[in-house]
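One structure below.
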């Protein structure tokens, strides 16, 4: 296959409880099929641990090594990671889909996982089993030694260890079950479904005290129960705490057990005093509903996961220190997927009343733009303003948004807002608000791509389309302002869609079963009819195919008109749920629904043969997609993948998963970059290292071409260089502080130079003395008439001297002894 579908960032980071490392420097969370490692101070993603082939369903710290974590997945494996270096250490194959994972320090070499009762993902019954991890040197090990601990548990993670691992508690429905490991016995406690006061007693979460026999449980009615004396089935007691007005989503004791943390839909973190239950502290307005709470092992950091795909890092329940925001995925996307022309960010609905600007390459939220500018109240049943439409102009100077609110027994409230881009703040600022721009719901809007004027067209179910024109006040002190320039309609029919041509010279508006084409002077040029069915979507061709206009209908027809002849060029019976044009090429993408799945066809309007097609792309209908221009054009050799050379296609599935297409060229590029990053394990991969790596490669090439060439070697093992390479950039001191230390490490110290120089001088001096001494010995032997074979060790029967001793004697001989004669004269 020339290209294939893959997930592209934006995964949920609030799916399971995050994990804070022992030193509180990093935070780990499950994100789709990978585990992301974030810095708790800079909020940046340090590592992306990839290896699982299905959804990651849990992360826990390794009790025996504080630099390692376990992760589990629905792919049936438990993986051990070194999160500091981003290395997969070992994979344990369980063979069953895993939905949660737990560990305890008192149970070494054992992990507890939640698996289905039957080896089937569709099973609705789950059990908690103990998995004994075998010790083996292999990277992949089968762990088949399983023992059941609890049956009929919740897959979402309502399980907790108590009293340092002496027992484990699980809650589901109206039942609380406690299993004691020493006794190998479990006790079950039941609550009634409700009483006269309308209480909802179903369990939602559980947390055990780390040092005492106390279990805290949360319930649907907002109550918290503290259970005691549960080691005997009949004599158990519980006390009740109540502050939350909605369900208690999560509970967590602090490491010492002095405080109990709770969270729910109110987005308020509540801290209860364990010994003084009437005293509690609050940290309000944290964003979306709190779904999970995690505490660092030393108790210095808390973190809360929220329903808007956000993780908030809190310093000891006092203040928010960092926010890690993922792609916000609500119940649905009311706006289309858009690309900001300036930042190239993906833009769509974010948290209530906002638009989110999300960087796809960095997989990070850039910022939220508050459109409604009203405080959102997290309470069911309230009618509040929602952002339903948004559009950018071609240069990214203007943004148009539509917000609406429907109240029972009253008319629909609609606001059209136009936002101007501010160069100083690097964001959009509200310029104009139009109250009630139409008498009914706005169904579509688009900007004219013409560079001569800045114009916005909106269409509504009230039977009209309106053109809003930006007034030119460059000669006066007045700011830019918008006004309605034209109101049009066609035989009292309701318009459903609109589209401008690539040069802005034509506007096409679909009025039920008729397509109308208008000129910039608002003259109706022509009308195009088609087989029965209301027009659902319109799209002009691009570049060489600009003479074509394509449309889809509710009667499963895709039609193509030739605007030069004003006739139907071709049509095909297909149920197109979404039609999208590539702004940089003639290509068009059509998502079609068939048998509960979506198919994709990529084609050029002037050609009968599609460029690319894929059946059963995903389940359900694809309602939102966008072509994102590439920063660097691909050079694909495959014919069927060339449609992805200039732009990349993103789409949202029915389950709100952001997907895209990957080509072999992209995979080869990623593989090549990963090979460049393969370095010695002792050196961290940083941009600074990559610069040195290029220099080192050049030196190696020079050594191969000219092995005898003399080169100056950099000092090996420099502490300063190692510190720069090992330490992450976000924790390094300032560059001004490091500069002097780094430059000093590259210099050779003067003392070391002297030490190297002195032995050389001593050797030269000794050689001179040796030659002088040998000459004197020859002279002495000639005076005494000795033989030539008489050696120094044979002189007068004296013992033989070593060379070092002879050298020392010669050095003494050259000393100045004149001070002795002055003493003798005295």
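We number each residue from 1, going along the chain as drawn.
A Cβ is built for glycine as well, from the same backbone N, Cα and C atoms used for every other residue.
Keep in mind the model is a prediction, meaning the values are calculated, not measured.
Here is what TrEMBL says about this protein:
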- 758-774: compositional bias 'Acidic residues' (COMPBIAS)
- 337-656: domain 'WD repeat-containing protein 75 second beta-propeller' (DOMAIN)
- 753-801: region 'Disordered' (REGION)
- 49-91: repeat 'WD' (REPEAT)
- 196-227: repeat 'WD' (REPEAT)
- 241-272: repeat 'WD' (REPEAT)
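Helix first, then strand, then coil: DSSP counts for the repeat 'WD' (49-91) stand at 0 helix, 25 strand, 18 coil.
Long-range Cβ contacts of the repeat 'WD' (196-227) within its own chain (Cβ-Cβ under 8 Å, at least 6 residues beyond either end) map to 158-164, 167-176, 178, 189, 236-253, 255-257, 260, 262, 264, 272, 274, 277. Residues 15-16, 18-19, 21-23, 26, 28-37, 97-105, 108, 111, 113, 121, 131, 133, 138-141, 143, 157, 297, 681, 684 of the same chain lie 6+ residues outside the repeat 'WD' (49-91) yet bring a C-beta within less than 8 angstroms of a C-beta in it. Taken together, the residues of the repeat 'WD' (241-272) have an average pLDDT of 93. Sorting the repeat 'WD' (196-227) by DSSP state (H, G, I as helix; E, B as strand; all else coil) yields 0 helix, 16 strand, 16 coil.
Secondary structure counts, DSSP: the repeat 'WD' (241-272) has 0 helix, 18 strand, 14 coil.
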